[in-house]
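Undergrad: Okay, handing you the structure first.
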């Protein structure tokens, strides 16, 4: 993709996606093209496949849980075609790198709402938490500890007592206690990963400086 095309695309995207100026958006497009490799030169570019993006989530942003990275990919791949378009890529990084608390809450809730019905149910909490607890083989019911944690989470988050967590419940919980933003699994990069990525993407490239 030549410089003029990148500039035009950056101009369009930075009007549609928050938090990045035109120069930064250009950098992210170049990075996207480098991930595409030879495909970037073709007229019909599909995008970055989920396997490659999962690799970035794992190695660049420290998200190591398979179930979570799969959910993150599904949420970010909005048209569900199995590939990340350049717009989906920039939108994801907008939330990851510079998202407001409100944007991050909406994103995390979507990741945790496994079946997309607008609620986080007991079953969904169990699914997300079951791999995070070390089970003792001697326990009669190895799932008992996870069930206990689910009940504690519901007690803390389910403000309207309907046995599930709505977005309003989740928002109120996180506003009261920010640390509970990623209560059911790591789906955002930590501050160190964000800083390292920004330095790599924006500061080390001359063409990405204003």
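Cβ coordinates are placed from backbone N, Cα and C, and glycine is handled just like the others.
What you see is a predicted model, and the numbers here were worked out from it, not measured in a lab.
The following feature annotations were taken from Swiss-Prot:
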type	residues	note
DOMAIN	64-99	domain 'EF-hand 1'
BINDING	77, 79, 81, 83, 88	Ca(2+) 1 binding site
DOMAIN	100-135	domain 'EF-hand 2'
BINDING	113, 115, 117, 119, 124	Ca(2+) 2 binding site
DOMAIN	145-180	domain 'EF-hand 3'
BINDING	158, 160, 162, 164, 169	Ca(2+) 3 binding site
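Could you place these features in context, so I can see how deep they sit and what lies close by?
TA: Note on the domain 'EF-hand 1' (64-99): residues 9, 13, 16-20, 25, 28-29, 32, 46-50, 53-54, 57-58, 107, 110-112, 114, 127-128, 131-132, 185-189, 194, 197-198 of its chain, located 6 or more positions outside it, place their CB under 8 angstroms from a CB of the stretch.
Sequence-distant neighbours of residue 79 (Ca(2+) 1 binding site) (same chain, 6+ apart, CB under 8 A from its CB) are 85, 88.
Averaged across the domain 'EF-hand 2' (100-135), the predicted model reaches a pLDDT of 93.
The Cβ of residue 115 (Ca(2+) 2 binding site) lies under 8 Å from the Cβ of 124, each of these being in the same chain and 6 or more residues away along the sequence.
Residue counts for the domain 'EF-hand 3' (145-180) under DSSP (helix as H, G, I; strand as E, B; rest coil) come to 26 helix, 3 strand, 7 coil.
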Undergrad: Distance check, please: Cα of residue 160 (Ca(2+) 3 binding site) against Cα of residue 113 (Ca(2+) 2 binding site), rounded to an integer number of angstrom.
TA: 18
Undergrad: In sequence order, which same-chain residues at least six apart have a C-beta under 8 angstroms from residue 164 (Ca(2+) 3 binding site)?
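TA: In sequence order, the residues whose Cβ lies under 8 Å from that of residue 164 (Ca(2+) 3 binding site) (at least 6 apart) are 119, 120, 121, 122, 154, 158.
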Undergrad: List the residues in the vicinity of the Ca(2+) 2 site, defined as same-chain residues other than 113, 115, 117, 119, 124 with C-beta within 8 angstroms of the site's C-beta centre.
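TA: Everything else in range on the chain: 114, 116, 118, 120, 121, 164.
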Undergrad: Any idea what the Cα distance is from residue 113 (Ca(2+) 2 binding site) over to residue 77 (Ca(2+) 1 binding site), rounded to a whole Å?
TA: 15
